[in-house]
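K.L.:
This is the feature table in TrEMBL:
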DOMAIN    2-101  domain 'FAD-binding FR-type'
BINDING   ARG52, PRO53, ILE54, SER55, GLY76, THR77  FAD binding site
BINDING   CYS216, CYS221, CYS224, CYS242  [2Fe-2S] cluster binding site
Amino acid sequence: MKSTCYARIIEHIEIAPDMYKMVLSAEEIVKSAKVGQFVNIHCKYPGSLLPRPISICEIDPEFNTLTLVYAVLGKGTKALSQMMVGEEVEMIGPLGNGFMIPEDAKDHIVIGGGIGTPPLLELVKQLKGNIEVYLGFRCHPILVKTFEKYGAKVYVATEDGSVGTKGNVMDILKERKHKADMIYSCGPKSMLWAVAKWAAEQEIKAQVSMEERMACGIGACVGCTCKTKKKQDQDWQNKRVCKDGPVFWSDEVIWDD
């Protein structure tokens, strides 16, 4: 269920260069939000038209707050980063389908890359059992201590080697032997493709949250399609990342298109 609301900013801080954490009072959205969903935020600047999709990082039903973590990538998010505590943000959500957490799963592998890391935090909060988190960044890791606070064992890779292992997240993933009932991942498409191939080799089911450019955020414009396999035959179909996703099973996505 989605609703449009004006959410008041109660915290807004820079947690890494051009990376911001925003906490919003958003009771209506919190009531129905699920792990892995996103919201569309209207970033107001001269000439602005389309809202910006931002994944939900944390959901706090006790205080009716949403935490968002976003990167400044253009005029919209630049304008958003300049908003102050006490101001109100126009947003619509929750949108998308979110992750599915199997009730009988005890061992979990969570894989994040860059700005795909934040939506995995609420997931880790809700998982039960043994949780291993693998995170890859170019240079500035985010949220590592928070993942650890929620009971996960965290492994980090940075491309420049400044923190953790030098390389990408797949390098640290392949270094270890794994036992898992489910893999959950969010990040750039190239990383998700690598995760999908690795999961197939390990014979572990995997869910991937796709990062695609979105326009409307509700499936009307068909501007964020993802090519997927049809269940009935060998044919394919386009699914909308904003409406049918952003989370898909890794083996339903046609990666080499």
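Cβ from N, Cα, C; glycine included.
Just so it is clear, the model here is predicted, and its values are computed rather than measured.
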K.L.:
Among the binding-site residues PRO53, GLY76, which residue has the fewest other Cβ atoms within 10 Å of its own Cβ?
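P.N.:
The binding-site residues PRO53, GLY76 were compared, and GLY76 has the fewest Cβ atoms within 10 Å.
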K.L.:
Return the residue, from the listed binding-site residues SER55, THR77, with the maximum count of other C-beta atoms within 10 angstroms of its C-beta.
P.N.:
SER55
K.L.:
So how many of the residues in the domain 'FAD-binding FR-type' (2-101) end up helix, strand or coil by DSSP?
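P.N.:
Helix (H, G, I), strand (E, B), coil: 11 helix, 49 strand, 40 coil.
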K.L.:
When you tally the Cβ atoms that lie within 10 Å of each candidate's Cβ, which of the binding-site residues (ILE54, CYS242) has the highest tally?
P.N.:
CYS242
K.L.:
Report the mean pLDDT of the predicted model across the domain 'FAD-binding FR-type' (2-101), rounded to a whole number.
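P.N.:
A mean pLDDT of 92 is what the predicted model shows over the domain 'FAD-binding FR-type' (2-101).
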K.L.:
Non-local Cβ contacts of ARG52 (FAD binding site) (under 8 Å, 6 or more apart, same chain)?
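P.N.:
Spatial neighbours, sequence-distant, of ARG52 (FAD binding site): ASN40, ILE41, CYS43, TYR70, GLY76, THR77, LEU80.
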K.L.:
How many Å separate the Cα atoms of CYS242 ([2Fe-2S] cluster binding site) and SER55 (FAD binding site)?
P.N.:
11
